[in-house]
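Worksheet: the structure to be examined is printed underneath.
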Amino acid sequence: MPVTMSRRAYAGMFGPTTGDKIRLADTELLIEVERDFTIYGEEVKFGGGKVIRDGMGQSQRSRAEGAVDTLITNVVILDHTGVVKADVGLKDGRIAAIGKGGNPDIQPGVTITIGPGTEIIAGEGKILTAGGVDTHIHFIAPQQIEEALCSGVTTMLGGGSGPAEGTKATTCTSGPWHMMRMMQAAESLPMNIGFFGKGNASKPAALIEMVEAGACGLKLHEDWGTTPAAIDCCLSVCDALDVQATLHSDTLNESGFVETTIAAFKGRTIHAFHTEGAGGGHAPDIIKVVGEQNVLPSSTNPTRPFTRNTLDEHLDMLMVCHHLDPHIAEDIAFAESRIRKETIAAEDILHDLGALSMFSSDSQAMGRVGEVVIRCWQTADKMKRQRGALPEDISGNDNFRARRYIAKYTINPAIAHGISHVVGSVEPGKLADLVLWSPAFFGVKPDLVLKGGSIAYALMGDANASIPTPQPVHYRPMFASFGRSLIESSLIFVSAVSIERGVGARYGLSRPLEAVRGTRGSISKKSMILNDATPVMEVDPETYEVRADGELLTCEPADVLPMAQRYFLF
């Protein structure tokens, strides 16, 4: 017999549906459900007296007959593709289907079969996103992995070998021996990981050696000498072996200016780190590369968004990270040349225009590994407050802006580094690296973090309590963070040539290796989903004012941010 429910009652029972709006944390951003794949009156829900019971919402079908391993019920998916409500089926550690879960023997429209072997994760009233992809990691301390996971990041690409001075300043795992040791260490970490070799060399042999040893990319860093010759050599090796090149250019303009570096690219694809420049790069105008079709530009999170405290914290941070001496005038001048309020303000707007394509952390090296997601949404909120709704958001929601910003730390870095075939979005066939959020805590504190379809980290109460919720509730490792489950639930991203050369067996690795692919001529700025703008960039060398297509880009620093202190009282 049909029953009519109010929207409020329906949302309370089954979560929001088409036309309902959801506020993201304490921001001014509202997303609206565009489509609901579930069927009214046929929704499935787990619990006493609920639908998913034998002969009701649960069929008799075995796993071999098509039942999924896990079903996330009635969840709102926020992805670069849109905002939809659906059931999400997981099987073999992958996303199997997005649609309508249930018992196909008695329910209409079922596209995902629930069987006796199906586990249920309740998604009612929750938001599901893809795990974040952080492509600027200094692997200084293994404790970064826990911080990143608890923020919603499930893939980390970068370089280093621990708290050595080279690693504290540059994202490079230098040489085959360190590459081997870091890949062996990654076996015990519940995170997808890939390592960049050092890209600074004028002859190719040593660079080829590192890629053959397992590097999934090469990093050019000014502290090792990012000269035109090194850039050209590095890009040539990357083109030959299909790995991405990443750039931290010459702040001091010793070997040339930004135009010299652009010329050295010769139109070849490169990922430009901290493109604004406070994190490093040609002073004061590295931001010009935003307008180049072959440059994939990203930000690191210390300058995100521009606040009244941004400039003050950067000087000391920079001195430590780059091994500078506060008693040497030239070192002070070097540091001060990188910190400019004008370019940092412009960075906010370039993100909102979709001209800056990606977010990353720069972990412990002028960046906070657990704040990629937070800083991204804080920037989106600041831009809505200062610039209003985007032209594409004409329906009273912020769906387009939300899609643009989530793409910056999910699908776009995955595309840039040749791993979008397995991670970066909530799509069938991809690794089930998923993050479940309560809307009030969206972007700040996830409820669950899944790795390869299993729960790796979660908010969990006292383990000696009679139920899971008594205090103290904090993040704790779950079963996918232990034993063989840990090994099988995550990947190490490597070059294809290293797999051909058998590095897994040579290093004694048990974890699956996944080759990066399609990182070179097949991608460009046009590949950056919802973030592919290439404005003509100008920077005044005296005032540092930034213009895009002739328009001055400036905004005020924020005094107050959402997703901040009220969420971290304890």
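Here the Cβ of each residue, glycine as well, is placed from N, Cα and C on the backbone.
Feature annotations, reproduced from Swiss-Prot:
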DOMAIN    131-570  domain 'Urease'
BINDING   His136, His138, Lys219, Asp362  Ni(2+) 1 binding site
BINDING   Lys219, His248, His274  Ni(2+) 2 binding site
MOD_RES   Lys219  N6-carboxylysine
BINDING   His221  substrate binding site
ACT_SITE  His322  active site, proton donor
Revision key, fill the gap. Those recorded positions from His221, His274, His322 that fall inside 10 A of His136 (Ni(2+) 1 binding site) by CA distance are His274
Review point. If you take the centroid of the Cβ atoms of His136, His138, Lys219, Asp362, the listed Ni(2+) 1 site, which other residues of that chain have their Cβ within 8 Å of it?
Key: Ile137, Gly158, Gly159, Thr170, Thr171, Thr246, His248, Phe273, Thr300, Ser360, Ser361, Ser363, Ala365, Gly367
Exercise for review: Might you list, by sequence position, any residue in that chain lying six or more from Asp362 (Ni(2+) 1 binding site) with a Cβ less than 8 Å away from its Cβ?
Suggested key: His136, His138, Phe273, His274, Gly279, Thr300, Asn301, Pro302
Practice item. Based on DSSP, name the secondary structure state of His274 (Ni(2+) 2 binding site): helix, strand or coil. Key: coil
Revision key, fill the gap. Near Ni(2+) 2: residues not in Lys219, His248, His274 with Cβ within 8 Å of the site Cβ centroid are His136, Thr170, Thr171, Leu220, His221, Glu222, Thr246, Leu247, Ser249, Ala272, Phe273, Gly279, Gly280, Gly281
Exercise for review: Can you tell which of Lys219, His221, His248, His322 has the least company, meaning the fewest other C-beta atoms within 10 angstroms of its C-beta, among these recorded positions?
Suggested key: His322
Study note, to complete from the structure: In this predicted model, the domain 'Urease' (131-570) has a mean pLDDT of 96
Practice item. Could you tell me which of these binding-site residues, His136, His138, His274, has the greatest number of Cβ atoms within 10 Å of its own Cβ? Key: His136
